[in-house]
Amino acid sequence: MTSLAELRKNYSLGSLDVGDVDRNPFRQFDTWFKQAVDAQLPEPNTMTLATVDPRGRPSARIVLIKGVDERGFVFFTNYESRKGRELAANPYASLLFYWIELERQVRVEGRIVKTSAEESDGYFASRPLGSRIGAWASNQSQVIESRSQLETREREFSLLYGDQPPRPPHWGGYRLVPEAIEFWQGRPSRLHDRLLYTRSDEHSDWQISRLSP
């Protein structure tokens, strides 16, 4: 069996200093995200979403970011899924973007709010037809008997709605409103650069602190 203790990589592609970054973390994120896209990284819009259930037990999964602006980070999902139920019980979450080819991470923490129905409708209408039908066919996170059961539901909803399926009432968007955003740049000898943006409320200026790696 491979010895996991021997797997290691020394990071040396870049550095990160307070004088190098934008004072606004959303603009800084946009800069890094564009660099990830320009570097042609595979699916740079993927992120890990961590939630916590009422008993304090965490869960995590990969989801896709679908919007970022001064209000926060937006993603869409089934409100009745495990993550949806956990966010209803505890409306706080953490996101992690990991761009290993650039030796970078971005960690975002904050409270969760639902997007407006208009935002959810607009994004849902932009999805491929198969994905829109799939939102009806899948009772996300629920146990099913077989793959064929899922495919039967897909056919049934396809016949029912044709090429104009409406947005399911149990499907829509969330916005994570950040309270903290950390930018991480890998450095040699595990002495990485970590810059943390925080603010006391949504109307305050962002403060930047350097964290020990």
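Including glycine, each Cβ sits where the backbone N, Cα and C put it.
Residues annotated as substrate binding site in Swiss-Prot, with sequence analysis given as evidence: Arg8, Lys9, Asn10, Tyr11, Lys66, Tyr123, Arg127, Ser131, Arg190, Leu191, His192. The Cβ of Asn10 (substrate binding site) has 10 other Cβ atoms within 10 Å, all protein chains considered.
Within 10 Å of the C-beta of Ile65 (FMN binding site) we count 19 further C-beta atoms, all protein chains included. Residues annotated as FMN binding site in Swiss-Prot, with sequence analysis given as evidence: 61-66, 76-77, 82-83, Gln105, 140-141, Trp184, Arg194.
In this structure, the binding-site residues under consideration are Arg8, Lys66, and the one with the smallest number of other Cβ atoms within 10 Å of its Cβ is Arg8. Distances between the Cα of Arg8 (substrate binding site) and those of the binding-site residues Val63, Ile65, Phe76, Arg194 are shortest for Arg194. Across the annotated binding residues for substrate (Arg8, Lys9, Asn10, Tyr11, Lys66, Tyr123, Arg127, Ser131, Arg190, Leu191, His192), the two most widely spaced Cα atoms sit 43 Å apart. Checked against Arg127 (substrate binding site) by C-alpha proximity, the binding-site residues Val63, Phe76, Arg82, Gln105, Arg194 yield Phe76 as the nearest.
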